[in-house]
Amino acid sequence: MVETSGSVERPALKNDRYLRALLRQPVDVTPVWMMRQAGRYLPEYKATRAVAGDFMSLCKDADLACEVTLQPLRRFPLDAAILFSDILTIPDAMGLGLYFETGEGPRFKNPITCKADVDRIGVPDPEGELQYVMNAVRTIRRELKGEVPLIGFSGSPWTLATYMVEGGGSKAFTKIKKMAFAEPQILHALLAKLADSVTSYLNAQIAAGAQSVMIFDTWGGVLSPRDYKEFSLQYMHRIVDGLTRENEGRKVPVTLFTKNGGMWLEAIAATGCDGVGLDWTIDIAEAKARIGDKVALQGNMDPSMLYAQPARIEQEVAHILAGFGEGSGHVFNLGHGIHLDVPPEHAGVFVEAVHRLSAQYHK
Ligand code: CP3
């Protein structure tokens with residue numbers, strides 16, 4: 001069967017477990033994918049990245065971005081593909097000048113320091129400055145040939161703002177907290193622009209073929225409960241309200257992931273998202289008891305568990321599956337990105353164990 005969307009012919013989805021689980025519809029086994037599943041733990045990724053040169057050149061070449069997106073799917077029976085890109089594409093498109101210092105992570109040439117800097121930036125056009133991302137989405141969707149769904153993503157406004165104000169990664173977040181507490185109106189103006197940018201960026205990814213979207217709030221967990229609601233959750237809620245929730249005749253589920261957000265699960269679920277991502281610092285049984293009647297859960301094995309021997313990895317998978325228990329509504333994942341020095345075979349053990357050990361919970 002062939003579904004048509006505009007002028008693009010699209011084959012029907014062969015494996016839709018991931019989408020079904022996010023909507024808490026019955027599945028045969030628990031779907032699984034891994035945050036950062038395309039990356040430096042795979043030798044084939046390193047080879048393609050060497051061809052591209054630097055990381056952003058890899059993101060900007062639709063064919064190479066597609067190639068690295070598909071690499072983990074050739075090795076492991078994963079239930080979803082995730083767009084190969086980065087959360088920092090939006091600030092880069094806003095003119096902040098993203099670059100990567102070897103061994104030091106992302107940096108910006110022109111960080112945000114004052115009101116004039118915020119006034120200067122605009123909402124990027126997803127089919128303009130960010131068209132390379134949409135081209136990657138279209139290419140990947142075509143090359144997936146309906147095997148598994150494609151996940152699009154963005155950073156949360158708060159997480160993007162941390163990089164934009166700190167000028168790169170941070171441990172103490174002093175600059176952005178100073179702005180939040182000393183000049184909150186400047187930060188709110190920035191967060192509002194970011195929320196508009198993320199909404200149009202994700203809607204464009206959906207229009208280009210993303211079948212689900214995820215918002216990474218990597219740094220929401222460094223805030224106090226009240227500040228989390230004011231500076232992070234409020235803006236994710238605004239984005240959820242503005243997203244296209246149905247396309248090509250199917251629901252487009254949205255997942256919110258706040259690292260270290262276990263204290264605030266009820267508030268996250270109340271945004272109207274379909275799935276809530278969990279890191280490993282919360283027991284999935286507790287998370288299910290608290291919000292499992294409202295949303296699906298994604299997670300939540302400690303990524304460092306992939307350093308363990310296969311038997312230990314399988315034992316951990318079994319614990320987490322038992323914690324979630326019977327029925328649909330669980331997308332298995334790591335609680336954060338896979339580490340770059342994990343043996344790829346251990347990732348294979350993990351994925352296979354999720355499928356094999358979860359069948360008993362879906363009778
Ligand atoms: O999950 C996937 O496979 C899709 C690709 C993806 C990347 N970044 C590729 C990438 C996704 C979803 C991201 C999101 C991202 N980027 C987040 C949120 C998720 C999280 O991990 O919390 C954040 C905070 C970033 C910012 C960023 N980009 C960092 C901290 C780094 C690492 C810098 C380094 O040198 O390790 C990047 C670069 C980056 N993004 C890499 C990859 C594969 C490594 C670049 C390389 O090949 O050298």
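Backbone N, Cα and C define each Cβ position, glycine as well.
Long-range C-beta contacts of D86 (site 'Transition state stabilizer'), restricted to its own chain and to partners at least six residues apart, with a cutoff below 8 Å, comprise F55, M56, C59, P106. Among the features that TrEMBL reports, substrate binding site is placed at R36, Q37, A38, G39, R40, D86, Y163, T218, H336.
Among residues of the same chain six or more beyond the domain 'Uroporphyrinogen decarboxylase (URO-D)' (31-40), those with a C-beta under 8 A of the stretch's C-beta atoms are 17-18, 20-21, 46, 49, 68-69, 71-72, 78-82, 84, 151, 303, 331-334, 336-338, 340, 347, 350-351, 354-355. Marked as domain 'Uroporphyrinogen decarboxylase (URO-D)' by TrEMBL: 31-40 (among others).
Sequence-distant contacts of the domain 'Uroporphyrinogen decarboxylase (URO-D)' (151-167) (same chain, six or more residues past either end, CB-CB distance under 8 Å): 18, 33, 80-83, 85, 87-88, 90-91, 94, 96, 106-108, 111-113, 137, 173, 175-176, 179, 187, 190-191, 194-195, 198, 201-202, 205-206, 210-220, 223, 231-232, 235-236, 239, 256, 258. According to TrEMBL, the domain 'Uroporphyrinogen decarboxylase (URO-D)' annotation covers 151-167 (among others).
The DSSP secondary structure for D86 (site 'Transition state stabilizer') is coil. The site 'Transition state stabilizer' annotation in TrEMBL covers D86.
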Seminar exercise, completed: Candidates R36, A38, D86, Y163 (recorded positions) with CB under 6 Å from ligand 1, in sequence order, are R36, A38, D86
Exercise. Where the record says R36, Q37, A38, G39, R40, D86, Y163, T218, H336 bind substrate, what is the longest distance in Å from one Cα to another among those residues?
Worked result: 23
For this session: Going by DSSP, give the three-state secondary structure for A38 (substrate binding site).
Result: coil
Exercise. Between 0 and 100, where does the mean pLDDT of the domain 'Uroporphyrinogen decarboxylase (URO-D)' (151-167) sit?
Worked result: 98
Seminar exercise, completed: Its Cβ having more other Cβ atoms within 10 Å than any other among the binding-site residues R36, R40, H336, the winner is H336
Exercise. Mind checking how the domain 'Uroporphyrinogen decarboxylase (URO-D)' (151-167) divides into helix, strand and coil residues in DSSP?
Worked result: 10 helix, 5 strand, 2 coil
